[in-house]
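What follows is a set of notes on a single structure, which appears directly below.
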């Protein structure tokens with residue numbers, strides 16, 4: 001085993017019994033021969049399961065929609081690429097000459113895919129418990145920053161993502177009334193969601209605020225949020 005791979009193993013916190021599994025996980029499809037796409041597929045499935053299982057246990061009061069959003073934050077490419085950079089993973093990737101020249105070792109998608117491939121490789125090299133332990137260790141800081149309140153996304157975005165996850169039509173917003181003087185108006189908006197029998201309503205000093213209030217009301221009516229999230 002080369003010294004460089006040994007350094008990577010120390011960073012990952014795992015020593016491979018089968019070095020070939022590790023090398024394959026680090027091999028991009030632009031490189032000649034076999035590549036890490038199958039391992040990436042396996043690692044992605046393991047990552048989603050482990051993250052989902054941990055969230056299920058960590059947030060016993062969370063609804064399905066909340067758990068889905070939290071998991072999406074944990075397993076998104078940006079998060080995985082950040083972890084990969086912490087391991088200096090780009091230095092160990094096997095890339096084709098074209099990909100190497102174009103800076104593929106820095107590309108978010110390539111780094112994230114390689115990290116997922118390493119998860120799959122660890123599972124095959126050891127077992128599920130070992131893969132779970134490594135995933136949870138790598139994501140420990142990410143878990144610490146999670147709360148049920150996702151302050152990074154507004155109600156309209158959360159509602160849209162919830163509906164898209166179920167292949168539903170996007171919500172429709174309509175201003176049904178405007179009251180008050182031009183300098184002090186109140187907008188009244190209705191939000192129509194295909195999964196709800198009744199339209200959700202919101203009001204605010206601008207159309208945008210009224211739509212956000214209506215979207216928040218729709219999320220509560222859908223049971224995705226309880227009003228205290």
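Cβ coordinates come from backbone N, Cα and C, glycine included.
Here is what Swiss-Prot says about this protein:
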type	residues	note
ACT_SITE	44	active site
ACT_SITE	116	active site
BINDING	40, 113, 116	Mg(2+) binding site
DOMAIN	5-127	domain 'RNase III'
DOMAIN	154-224	domain 'DRBM'
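Neighbour counts of Cβ atoms within 10 Å were taken for the recorded positions 40, 44, 113, 116; the minimum is at 44. Across the structure, residue 113 (Mg(2+) binding site) and residue 44 (active site) place their CA atoms 8 angstrom apart. Secondary structure of the domain 'RNase III' (5-127), assigned with DSSP and counted as helix (H, G, I), strand (E, B) and coil, comes to 89 helix, 2 strand, 32 coil.
Rounded to a whole number, the C-alpha distance linking residue 116 (active site) with residue 40 (Mg(2+) binding site) is 5 angstrom. For the domain 'DRBM' (154-224), DSSP puts the residue distribution at 26 helix, 20 strand, 25 coil. Take the mean position of the Cβ atoms of 40, 113, 116, the recorded Mg(2+) site; other residues of that chain with a Cβ within 8 Å of it are 36, 37, 39, 41, 43, 44, 112, 114, 115, 117, 120. Averaged across the domain 'RNase III' (5-127), pLDDT for the predicted model comes to 93.
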